[in-house]
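To keep things clear, I will list the structure first and then write my remarks on it.
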Amino acid sequence: MAEPEFEQARKELISTLENSSLFEKNPEYKKALEVASIPERVIQFRVTWENDKGECQVNKGYRVQFNSALGPYKGGLRFHPTVNLSILKFLGFEQIFKNALTGLQMGGGKGGADFDPKGKSDNEIRKFCVAFMRELNKHIGADTDVPAGDIGVSPREIGWMFGTYRAEKNRWEGVLTGKGGSWGGSLIRPEATGYGLVYYVQHMIQYASGGKESFSGKRVAISGSGNVAQYAALKVIELGGTVVSLSDSKGALIATDDKGFSPEVINEIAALKVQRKALTALENHSFKYVDGARPWKEVGKVDVALPSATQNEVSGEEAQALIDAGAKFIAEGSNMGCTQEAIDTFEAHRKEKKGEAIWYAPGKAANAGGVAVSGLEMAQNSARLKWTSEEVDEKLKGIMTNAFENCLATAKEYVTPAEGEFPSLVAGANIAGFSKVAAAMKDQGDWW
């Protein structure tokens, strides 16, 4: 069975591990990699549900329980027609190392279904969520596997699934994250991935400029218009940057003036997305809409690029276009947003141009803020407490600071940069995440 997305994610990890001194210093870690590449468990199931016409519909449901050495399996549920085992294995594999980088006790997993919420009524989506959770509940639990939302699964769907779990199990427990505020949710959870992404890039900008620069005055290209893109955009604006693009699966909206997107427009777009409408439905605006395009070649001069839509959304050619547009920082809000060709382009530029280069941060570090606050939500549920938004935001900032410093220090140790060269954050993230998981697995007898 060909699994292109999973193989891509695995090769991306392996290539950075092999191009570092990790296996020289720890040759036994090759065995750990072989073992960790196979999920502990994969659950596949059918989901039958009734549409509004009273007809029986069937979809494929999945949960990949990839690794539980550091804690309960943790990772989102994706409802999208493209969902298959390869995509969920890629996401679950990435999730293991991302969760390790948060410093919290979470293993890696991912799940979902090939159900398409677009074009479905609210009633049909609710019925699907109930049917999906009637099976999934048998395989998860607060100390076993704690799913969350992802593409196609918003807080509303989490609510319907949480209610189904509670009814099936007769247990009220922190089995899902991204819950509503009055029933076990955490403040800052909706904002966390986008905010965390911007906090991470803030550290990159400060490090690269020796503390002289920040987001202030920076032109920032963002793709996507879902949860991650929306909150990243709002945080960039708050920190003095200008957001010059947003996009969806149909096309890109490009700012035509120096003001860029305002918080009001971003909130209008957020409201459209709740109704599952395209960006073409946005009214009374002065943006340029480019049908069928991603923003990277359309935005003109940019300082920062934040792909925040889906996997493989920056090609090698688009990577070069961003470099030519003057971009100095690129960080993934999406998982595996950059193709291997794009990463190779950025990394070659980093080595060649030293301090003048573009600097790339992979999703497993840069977008870890989302799952970090999910971990904090789990902690609040376990203690039956609720923290203030200030407390959660402070903890999120601390986690992103630690993740950045960990990636930086690990890169310096295992892939020593040349004089004046930025350390490789992709190598640092992969090595730091992997070696933490490998060591825990060895202690527990998962490999020897």
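Here, residue 1 is simply the first one shown, and the rest follow in order.
Cβ coordinates come from backbone N, Cα and C, glycine included.
According to TrEMBL:
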type: ACT_SITE; residues: Lys110; note: active site, proton donor
type: BINDING; residues: Lys74, Gln95, Lys98, Gly149, Ser374; note: substrate binding site
type: BINDING; residues: Thr193, Asn227; note: NAD(+) binding site
type: SITE; residues: Asp150; note: site 'Important for catalysis'
Site with most surrounding Cβ atoms, counting all protein chains shown within 10 Å, from the binding-site residues Gln95, Thr193, Asn227, Ser374: Ser374
Inter-residue Cα distance where the pair is Lys74 (substrate binding site) and Lys110 (active site, proton donor), in Å: 7
Cβ contacts of Lys74 (substrate binding site) (under 8 Å, same chain, 6 or more positions away): Gln95, Asn99, Met106, Gly107, Gly108, Gly109, Asp145, Val146, Pro147, Ala148, Thr177, Val371, Ser374, Gly375
Those recorded positions listed as Lys98, Lys110, and which of them has the most Cβ atoms within 10 Å of its own Cβ: Lys110
Residues satisfying Cβ distance under 8 Å from Gly149 (substrate binding site), sequence separation of at least 6: Gly76, Leu77, Pro155, Glu157, Ile158, Gly178
Sorted by sequence, non-Lys74, Gln95, Lys98, Gly149, Ser374 residues with Cβ within 8 Å of centre, substrate: Gly75, Gly76, Asn99, Met106, Gly108, Ala148, Thr177, Gly370, Val371
CB contacts for Asp150 (site 'Important for catalysis') [other CB atoms within 10 A, all chains]: 24
Distance [Cα-Cα, Å, rounded] between Lys98 (substrate binding site) and Asn227 (NAD(+) binding site): 19
